[in-house]
Amino acid sequence: MAVQRSLVIFAIVALMAPAISSATEYVVGGDDGWKLGVKYDDWAKDKMFVVGDTLVFKYKSGSHNVYKVTGDEFKSCTTPSNNSLGSFTGNDTIKLATAGTKWYICGISGHCDGGMKLKITVLDGAPAPAPSAASTLFAKGTGFHVLVGMILAIVAVIMV
């Protein structure tokens, strides 16, 4: 009886696991990274950032840096006077912990004005997947997983 109960619990977990969404790691600028000459508006326009995602700024240390700034600082390319607000390693990771508009700039003189600035909007949670003709009952995030999980849970309770 204990073996059957364990198998049912395992089946529930196995069926529910695909429905759990995971965070995405975005390398800012893609293969180009964080440098002059990249159009960061174009890079970000087709991406959907959600709380829990991570931005990775890759660049040659000493050549660039990253500052999280306010909207006004972003517009005027003003680097904060507090260096503790900046990142300088060349492989800077920023976890998107809250929803809203986020602004990032390079604080090296002339770089922000030269286009090294990124503005993104972070959403509260993962968006619902768009329906597609290729979707199946086992597609990630469908109600089917919940239904099967509930049925298996009821069967487990009855078997005990």
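Just so you know, the numbers here start at 1 and follow the chain as drawn.
A Cβ is built for glycine as well, from the same backbone N, Cα and C atoms used for every other residue.
Positions annotated as domain 'Phytocyanin' by TrEMBL: 24-124. Taken from TrEMBL, the feature signal peptide applies to 1-23. Residues annotated as transmembrane segment in TrEMBL: 137-159.
Broken down by DSSP into helix, strand and coil, the domain 'Phytocyanin' (24-124) contains 17 helix, 36 strand, 48 coil. When averaged over the domain 'Phytocyanin' (24-124), pLDDT in the model lands at 96.
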